[in-house]
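See structure below.
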Amino acid sequence: MPIKIAPSILSADFTKLGEEVKRVEAGGAEILHIDVMDGHFVPNMTIGPPVIKALRKVSSMKFDVHLMIERPELYLEEFVNAGADIITVHAEASIHLHRLIQQIKSMGVKAGLALNPATPIEVLTYVLQDLDMVLLMSVNPGFGGQQFIQGVLPKIVALSTIIAQVNPGCLIEVDGGINTDTISLVSRAGADIIVAGAAVFTKPDPVLAIKELLAAAE
Ligand SMILES: O=C(CO)[C@H](O)[C@H](O)COP(=O)(O)O
Ligand SMILES: [Fe+2]
């Protein structure tokens, strides 16, 4: 499967969010990455279900909702009702990971599990077979526009080897610090979906920026 870019609205202009989303969709983007932060799990706050619900009215892209929140189990239904297609929770945010993943799947959406840069992939051992996606953070979560952490590259390689054996349908998403220099590294390491925020939405032409990222990945 060719890699896909999921533009992250974290770096979009929030005063015209609907227009920004429609623009990347018209340009061919299929997945929209939506970063939800609660000011507890990460030291920043962003948006929640009402904004996702509003965007759902103007977009038919797949909504890839990245929950950087504590107690995600309390809010799953709200995010599903708002229009999420994939819900990704952090392994570090729950002590009942198996139950949490089953809860997401029982709601009829795809289940993703995110790992911070310092979290080893061994945490996936007994849940990988149930996942639709693993999100490997390549920055410490909380902010857009940070520098890519090179140490995550062997983690992507190791995970893609394990996924091929255990759950070949499970996708690897890499999130943080992606630009035209770093994208080829993560693509070669085995990423299927690559999130890009600053590298898309701080550029004068976000659609062109996505095309340049895809070209650099090859
Ligand atoms: O989850 C995130 C931050 O916690 C963002 O998705 C990520 O950082 C994307 O932004 P950028 O491409 O600008 O690094
Ligand atoms: Fe994210």
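Each Cβ is built from the backbone N, Cα and C atoms, and glycine gets one as well.
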Per TrEMBL, His33, Asp35, Asp175 bind divalent metal cation; matching candidate in His66, His90: His66
Spatial separation of His66 (divalent metal cation binding site) from Ser8 (substrate binding site) - C-alpha basis, Å: 10
Mapped DSSP class for Gly177 (substrate binding site), helix or strand or coil: coil
Annotated binding-site residues Asp35, His66, Gly142, Gly144, Gly177, filtered by Cβ under 6 Å to ligand 2: Asp35, His66
Rounded Cα-Cα span from His66 (divalent metal cation binding site) to Gly142 (substrate binding site), Å: 11
His33 (divalent metal cation binding site) and Gly144 (substrate binding site), Cα-Cα, nearest whole angstrom: 12
Under 8 Å by Cβ from His66 (divalent metal cation binding site), same chain, sequence gap 6 or more: His33, Ile34, Asp35, Val36, Thr88, Gly112, Ala114, Leu135, Asp175, Val195
